[in-house]
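Colleague: Take this structure first; my questions come after.
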Amino acid sequence: MPALVLVGAQWGDEGKGKATDLLGGSVDYVVRYQGGNNAGHTVVIGDQKYALHLLPSGILSPNVTPVIGNGVVIDPGVLLSELNGLNERGIDTSKLLISGNAHLITPYHRTLDKVTERFLGKRRIGTTGRGIGPTYADKINRVGIRVQDLFDESILRQKIEAALHDKNQLLVKLYNRRAIPADLVLEEYLGYADKIKPFLADTTLVLDEALKAGKVVLLEGGQGTLLDVDHGTYPFVTSSNPTSGGACTGSGIGPTKIDRVIGILKAYTTRVGSGPFPTELLDEDGEALRRIGGERGVTTGRDRRCGWFDAVIARYATRVNGLTDFFLTKLDVLTGWEQIPVCVAYEIDGRRVEELPYNQSDFHHAKPVYETLPGWSEDISGAKTFAELPKNAQAYVKALEEMSGAPISAIGVGPGRDETIQINSFL
Ligand code: GDP
Ligand code: IMO
Ligand code: MG
């Protein structure tokens, strides 16, 4: 059996955690392939709610082996506290595997993330402040620290000292902060080595052997398509590749092994942080979506910006990820609107544009062209089949499917595991 990828189709927070957890019953491995603890994935199982940041959402399924791939950036303090939190709630985390090639977030990455944002002022990205960007920058600049470095004190010392030689100059002379002593960082990070060692694995080899043995591997992305550093709304993006291509580089699984790419798509749109957002609503409809949808960040507690569904974005996600199908989430949140506008194209400087413009100024100017669909007022949270949905809800789903360029194979009608309608055998 092959591998499948699960990606966010918009700006993150589409409900990837819930989708991964649902698929957890039918897969053997769940691999995070990029990002770090900038992610916030909420999973609701019965009356229990879990907020995961760094760990793959599959960690909650007893039969799944969770894997943190080479493409992830790991804050070891966060990793250990997340594991402890789950252990205290009776979740067995002993099967976790961590790639020795994954890069480590250190205190100087977190500090740099925060000071650079502060200095950007109005031009700030609105990052999560977790050190994600500076850690990936060091990786690409070939001065990063990897998980495997924790197990060689002399290499770790050399690397931390070399990194801080530069970074302390920046912190002190440019940003007016205190220098970070290399010895303190070294001592803290050496302290993580024994705790992380039991999880260390050659994850690309493990996954290859698993695939050869007929196991199913789910590659779980953090963030979303429009936060991708290559394909997103640069520079208002994260510093990795959440799109499906990133699943290969971030896990070491080749593209020929992947036969399904599921896009997680919210029935409306949200975004956290700065950057363009054509369908953003700054009125009471936006406020209502935020309230009814509980649109508050799991990681930073910031209110999410809310707007109507944008089919141009969904089509783009289908294109750049090669999506095979969608999981449409949070349809229940739209219950109660008499009319629901859906963005079908943009108007840019008087022209109608059907595809996401690659030019950033065009995207900043894009005005949504709306088509209005009739709403429904019946409570749909108990619906188990497509046929049980009100006719207008069915028509809304069908219209989105047609505009988005890939079939919708499941619909979320509530946060719980069982509040899901399966169509086209999602599981
Ligand atoms: P992720 O980052 O993509 O995993 O998504 P988040 O967990 O940040 O945000 C999605 C939120 O919506 C979470 O609070 C989920 O529990 C919730 N959720 C997921 N699917 C549904 C759904 O179909 N209906 C409703 N009402 N909530 C959902
Ligand atoms: P999940 O996995 C929504 C956003 C931040 C900021 C930008 C860059 O829960 O969908 P970073 O700290 O990554 O350098 O911030 O990306 N961002 C997210 N927005 N959901 C996320 O993750 C996000 N992770 C990062 O708000 O705009
Ligand atoms: Mg989230």
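Any Cβ shown, glycine's included, is placed from N, Cα and C.
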Colleague: Do you know which of Arg302, Arg315, Arg319 TrEMBL groups with Asp13, Glu14, Gly15, Lys16, Asn38, Ala39, Gly40, His41, Thr128, Arg142, Gln223, Thr238 in the IMP site?
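Modeller: Candidate listed by TrEMBL for the same site: Arg302.
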Colleague: Anything within 10 Å of Thr299 (substrate binding site)? Look among the recorded positions Gly12, Lys139, Gln223, Val413, comparing CA atoms, and list what you find.
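Modeller: Qualifying among Gly12, Lys139, Gln223, Val413: none.
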Colleague: Check the binding-site residues Asn38, Thr42, Thr128, Gln223, Thr299, Arg302 for any whose Cβ is under 6 angstroms from an atom of ligand 1, and report them in sequence order.
Modeller: Thr42
Colleague: Should Leu331 (GTP binding site) be counted as helix, strand, or coil on the basis of DSSP?
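Modeller: Note: Leu331 (GTP binding site) is helical by DSSP.
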Colleague: Give me the Cα-Cα distance between Asp13 (Mg(2+) binding site) and Arg302 (IMP binding site), rounded to a whole Å.
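Modeller: That separation, Cα to Cα, works out to 12 Å.
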Colleague: Within 10 Å of Thr300 (substrate binding site) (Cα-Cα), which of the binding-site residues Gly12, Lys18, Thr42?
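Modeller: Passing the 10 Å Cα cut: none.
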Colleague: Cα distance, Gly12 (GTP binding site) to Gln223 (IMP binding site), nearest Å?
Modeller: 4
